[in-house]
Structure formats: C-alpha cells, structure tokens
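Right, one structure below, let's go through it.
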Amino acid sequence: MAMLWLAVLLTCGAPAALLPTSGVGCPSRCDPASCAPAPTNCPAGETALRCGCCPVCAAAEWERCGEGPEDPLCASGLRCVKNGGVARCQCPSNLPVCGSDGKTYPSLCRLQAESKAAQGKGSAAIIPIQRGDCQQGQRDPDSPRYKYNFIADVVEKIAPAVVHIELFRMLPFFKREVPAASGSGFIVSEDGLILTNAHVVTNKHRLKVERSDGSTYDAQIIDVDEKADIALIKIKAKGKLPVLLLGRSEDLRPGEFVVAIGSPFSLQNTVTTGIVSTAQRGGKELGLRNSDMDYIQTDAIINYGNSGGPLVNLDGEVIGINTLKVTAGISFAIPSDKIRKFLAESHNRQSTGQGTKKKKYLGIRMMSLSQGKLKELKEQVKDFPENTSGAYIVEVIPDTPAEEAGLKEGDIIISIGGKSVTSSSDVSDAIKKEGTTLHLVIRRGNEDIPISVTPKEIEF
C-alpha cells in the first residue's frame, strides 16, 4: 500500500515540457576509460550522463539540467522540465509531505533526497507518513473522504445537541449519592427542554445532564408519557442552546439510511448507522402492552447507553427516539410523529395544571413472544430457548426491583403465581395489583428459575 501511495504521488501532475533522456549526439559505444573519475559525494545521488555512459552527480530538485550529452540528468524521481528557456529538475508532485522524522518537506522528492543523504551518513531512512503538513495534514475538499463521508457530516451537525443523562440515588447509610443509571437525550428548545425515554428517568432520582462541551446541569422532570415511553426534562442554562428539529417519520421509506447517536459515557458520543427495516412495526405485534403506536425498526445498534438519544435522517432531522434493542440487528425507535403529538399534549397538560400520577413499577422492558418474533430471535440468538409463548425481557433498568430480584436481559417470564404468561400484558396486569409480591418463573437458557419480586410505587 505504501509503494502504491508513493507511485500515486510521483505520477500526479503534468510537466510543461519534458526533455529527452537520450538522443542525437551520443557515441555508438561507451568507453569508460574516457570518463572522469567517479564522484564521491553526490547529495542527490549518482546518475549517468544522458548518453548513459559516464557516472556523474545527479541534479537535485530545482537545479539546472540540460539537453546536451554532457548536461547532468535529474536525480531519480525528478523530471527535467523546460520553462521560459531554462530547464530545471522538478518533482512530479509539488504537494508537501510529512516525514517520519517529524519534518514537513515541500515535496516527496525533497524528502527522498534528504532520506538518501541521511542514509549516506549512517542515519535512518526518512519515510513519508502523511500528505500535507505534519501538524495539520492535508484537507482536500475534492477527495472522496470529504465528498462522500455524509454520515460524518450528519454527526458533526447533530452532536452538540445530544446530552448524557445520569440518575443518582442516595445511600442512606453513607449519606452520599451514587450513580444509579444513565442514558441519552437531545435538546429541543433553546431554553433547555430535553427529550428522552421515560424509562431513562422513571425512578425519579436526581437527574444530572451533561452536554458535549462538558457543562453540567441539574434537570427537572417536566412531563412523562409512560405508555409512549417519552419524557420531557428541563435544564437552566445561560444563553441559547443548540437544538434538533423533528422530521416527519411518516415520510420514512424502508431502506433509508439512519444514524443513531447517544452519549452513554458522558462526553464520548457513540454513533451507529443502519437502514430502516420498516417504518410501521406495530406495538401490539411486539407485545408491548396497550400500545397503539407503530415503531421504526432499524438495524442500527441501539443499546442502554444511547437509549433516549435521537435517530436521525441524513438531513439531520430527528425521525425517532432510540428506545428498544431486541438483539443485534433488531432495534426500535419511537417515531417523530408520536413525539410531536406528545409535545402538543404536554403543552396542554402544563397549561391546565394536571397533577402527578402514581403507578407500580418493576423496572423491566419486555415484549410478547409471537411466532414471527420467535423466528427472528432464533435466527439472531444462538441457543435461544424453545418457547412458544411468554414475556421476553429486553432490558432490566439498573437500581430497580427487577434488578434487585435478579432478573436479567434475555430472561423469559413463563408464569406468575402459577399461571402461564402468554404475553407481556399478563405481566403488566399483575404489576398493577397493589401490595402484591410477584412469584415469577423465568426461563434462562434451558433452566426454569423461580424469582420473587415486589413492584415499587413511583410518582409521575
């Protein structure tokens, strides 16, 4: 690859007028006895006279060369070019190049000449390691990297509005806060409104938001739609904040490129790309209880860290909120048309001053195991259990009753209180019963495990 790169540099560009390297005036036979003594110190290396007989010092870059039999030839890699009546040795590539010695050379040929001289003195060879200046490199707007890297352009555009959200809980014994969970979100108003998933902020611990520039803020929960899994929180920041605008998810087409971005590790944004598998995967088809919403299915990887972050199109518009990963290659996002509806309803709720609500909370995200979904999972997950029904746990939220009881992602709830579970709705109905400890049987691999868990009441 290095040799190919050198060849490209050496062959790019066209000289004004190349002088011949052999021609009229040369003897029919070379007589070495007639040659002057061989040179001993040639900075640009040795070559032969144009007739190819006697050794002489080669002309270096920008030194004069000529047409006559006794005129010096250019060093290897240089061309004798005549401009304005004067012939000089020139490098086919006049672009700067960075050498392995950390110096910037005006051309590849100059670097090669310096390398040859260094080797003649017993030093290490200098090799080209980078086009352009050693400190800045070379930005070529016409190169394929800059012309066709549209994903990087999208990420650069949206990243400033993506935030990291961290939830804290208090340890009563030690009287200090510790991180309990985290997720992502994105800013939708210049005064600090942020959208994320409801499950990211459900436990209502203290929320801390960190932006990509490192600034941190305490956040307040403004509104939550548990059914749609959308939450609106707010920070107080000085000045106007960068925002993302919503696109229209109804215009999405299968096969369209999308970018999922999140900030699972504070300042370190993660980016995944994929295509839209379908823009209308029904919630009931996924086994999501009471769902009247279609989800966007994509093969862009969505995980717990970038959950709540934006799924954007190539125009940088938000067309969904990353929300659910079933397995590698099967992820789901809440469509932007549903987000738009939530924001309108939230405005109305705040205007009418509706109070908070309470609900029982277990801390899992699940889906029913339909025949179609079973087939998909068996294709994606090696050794998937031979189940025909149940509630598949897609995610266990940290610091929740589910995690404390020992439930894990990938478990399948097959019974509650001795009654078979056929869908996620059976689990949801059991959670709603007040003061009830749930006695579950879950299938983990090929083993059935009994687990007892008591849902917690939380306030929205």
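Even glycines carry a Cβ here, placed using N, Cα and C.
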- Query: Can you tell which of Cys35, Cys42, Cys74 Swiss-Prot lists as bonded to Cys54 through a disulfide?
  - Reply: Cys35
- Item | Cross-link partner of Cys30 (disulfide, per Swiss-Prot) out of Cys12, Cys51, Cys53 | Cys53
- From Cys57, Cys65, Cys134, partner that Swiss-Prot gives for the disulfide involving Cys98: Cys134
- Query: Quick one: Swiss-Prot says Cys65 makes a disulfide with which of Cys42, Cys80, Cys91?
  - Reply: Cys80
- Query: Cys42, Cys51: which one closes the disulfide with Cys57 in Swiss-Prot?
  - Reply: Cys42
- Message: Check for me: which candidate out of Cys74, Cys89, Cys109 does Swiss-Prot give as the disulfide partner of Cys91?
- Response: Cys109
- Query: Given the disulfide-bonded residues Cys30, Cys91, Cys98, which one is most crowded in terms of C-beta atoms within 10 angstroms?
  - Reply: Cys91
- disulfide-bonded residues compared (Cys35, Cys42, Cys80, Cys89, Cys109) - highest count of Cβ atoms within 10 Å: Cys109
- Note on the structure: So Cys134 (disulfide bond), by the Cβ count within 10 Å over all chains shown, scores 16
- Note on the structure: From Cys65, Cys80, Cys134, Tyr148, Phe257 (recorded positions), the ones whose CA sits within 10 A of Cys91 (disulfide bond) are Cys80
- Note on the structure: Simplified DSSP label at Cys109 (disulfide bond) comes out helix
- Would you mind reading off the Cα separation of Phe150 (site 'Involved in trimer stabilization') from Phe257 (site 'Involved in trimer stabilization'), to the nearest angstrom? 11
- Task: Around the Cβ of Cys57 (disulfide bond), how many other Cβ atoms lie within 10 Å? Please give the count over every shown protein chain.
- Result: 19
